[in-house]
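What TrEMBL says about this one:
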type	residues	note
DOMAIN	29-105	domain 'Mur ligase N-terminal catalytic'
DOMAIN	116-307	domain 'Mur ligase central'
BINDING	Gly118, Ser119, Val120, Gly121, Lys122, Thr123, Thr124	ATP binding site
DOMAIN	339-448	domain 'Mur ligase C-terminal'
Amino acid sequence: MPLFTVSEGARLCGGSYYGPDVRISRGWKCDSRDVAPGDAFVAIKGAVTDGHLYLHQAIERGAKLLLVDAAELERLNVRGAEYSGVSFIAVDDTQRALAVLAEEYLRRVSPKVAAITGSVGKTTTRELTAAALKKKSRVHSAVRSFNTLIGCSLTILAMAEDTEVLVLELGTSHFGEIAEMVSHFPPEIAVITEVAPCHLEGFGSLEGVLRAKLEICKSPRLAAVVFNNDNELLNGYMSYNLDNIKKISVGTKEGSAFRIKEAKVRLDENGPRTTALLSREGRDIVLSCSLFGMQHAHNMGYAVAVASYLGLTEPEAAEGIAELAPISGRGLCKRSSPRGWVIDEAYNANPASMSAAIGNTRAAAESLGVRKLAILAGMRELGEGAPAWHRGIIEEVRDFDGVMLLGEEWRACAPLPAGMTLFSSLEELISKIDYGDLDNKMILVKGSNSYGLKKVVGALTEA
């Protein structure tokens with residue numbers, strides 16, 4: 001059996017255990033609020049809080065195994081009645097122990113592993129890839145944007161024992177992060193969606209972003225890499241490196257293995273639809289998904305490329321892609337009124353994704369003959385170049401009929417053009433929206449996740 005017992009888990013991660021030596025559940029959580037009966041809870045000391053403060057809450061919610069720091073275990077009266085029936089594994093480092101357990105479980109299940117990274121489009125590409133593969137394989141993927149070492153570990157430990165393909169998402173904000181993940185969970189095929197300005201405080205430049213994303217190619221099992229052929233940095237690197245790896249290019253450029261010949265976005269009473277015509281070795285491939293935005297032509301291309309490499313036919317992959325449901329916070333189109341739309345891009349933002357969302361909103365609004373508005377929060381972690389990136393976005397929305405801004409980052413853009421207003425708080429911004437006049441308007445909502453713009457989306461769609 002791939003799953004292991006408490007005692008075996010303790011041995012694998014160099015720890016000790018106390019309590020019933022039962023078989024470990026596939027439900028692993030690091031947030032006590034997510035714990036369900038029978039789950040294992042991992043207490044992690046983070047920058048904001050310490051998971052050891054929530055051990056009792058995890059037990060109250062039904063946790064049957066606690067992975068804790070050895071020093072913390074010494075402070076607990078584990079023989080107390082409140083811990084009856086609960087097992088403990090005590091280790092020196094719970095985050096490292098979690099990764100070790102996930103690595104061993106991955107080895108036992110032994111699925112094909114595909115991993116996706118990039119400055120934009122990681123989550124959408126992961127969802128599209130999983131959807132494409134599900135037409136023929138038993139696939140496991142994260143239920144949310146679990147793209148850290150902890151998140152990937154939790155994803156793997158939730159995997160069914162008969163999983164044939166695992167699709168991971170790898171994010172990074174500092175050098176070495178992706179390299180560490182692929183050392184534990186090595187993919188056979190990797191995807192690099194884009195290299196664009198993001199986390200520049202940690203990477204310093206676009207070349208630094210490229211170097212960080214290329215860490216995915218350090219996987220000891222890597223056999224193929226799918227990449228954005230329209231990105232000059234990626235294209236240039238792939239032209240002269242990784243000669244021992246199969247390189248699969250996706251893009252609009254001539255010579256791309258999966259060449260995007262045409263892409264269209266439609267938004268009507270049935271919601272959004274993005275359609276792309278791709279060509280591979282002289283064959284045309286028609287792809288369609290219920291996502292909003294021209295960028296999804298590339299994302300669908302990456303998904304088909306991975307599926308094709310793993311043995312699916314292009315029609316099989318296309319069928320799975322067509323069935324993917326819209327993804328909240330990533331271009332999800334919602335009604336704000338009988339004749340009004342909200343484009344929910346509230347999950348996150350960097351200059352590339354912000355620019356794409358603005359372009360998509362402009363095109364859709366003009367095709368429907370409605371007014372275009374934007375509610376934009378600041379873009380975080382752009383380093384010294386942040387003012388220039390924000391000024392560039394201001395120029396891109398000059399033709400919008402109204403723009404509401406949130407975040408200190410926009411102060412560098414003063415004086416703002418007519419029709420644009422900077423608000424000091426989320427609550428103030430929400431209070432100034434004219435909820436009685438939403439018809440014939442398309443409103444883009446986008447910004448870094450920490451600004452909480454999902455509350456704006458909720459206010460607009462529940463008005």
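Even glycines carry a Cβ here, placed using N, Cα and C.
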Other same-chain residues whose Cβ falls within 8 Å of the Cβ centroid of Gly118, Ser119, Val120, Gly121, Lys122, Thr123, Thr124, the recorded ATP site, in sequence order: Ile116, Thr125, Thr193, Glu194, Asn299, Ser353
Among Ser119, Thr123, Thr124, the one of these binding-site residues whose Cβ has the fewest neighbouring Cβ atoms within 10 Å: Thr123
Listed in sequence order, residues with CB under 8 A of Val120 (ATP binding site) and six or more positions away: Thr193, Glu194, Ala196, Cys198, Gln295, Asn350, Ala352, Ser353, Ala356
Averaged pLDDT score, the domain 'Mur ligase central' (116-307): 94
Under 8 Å by Cβ from Gly118 (ATP binding site), counting only residues of that chain that are 6 or more apart: Thr125, Val191, Ile192, Thr193, Glu194, Val195, Lys213, Asn228
Packing count at Lys122 (ATP binding site) (other Cβ atoms within 10 Å of its Cβ): 23
The domain 'Mur ligase N-terminal catalytic' (29-105): DSSP-derived helix, strand, coil residue counts: 34 helix, 16 strand, 27 coil
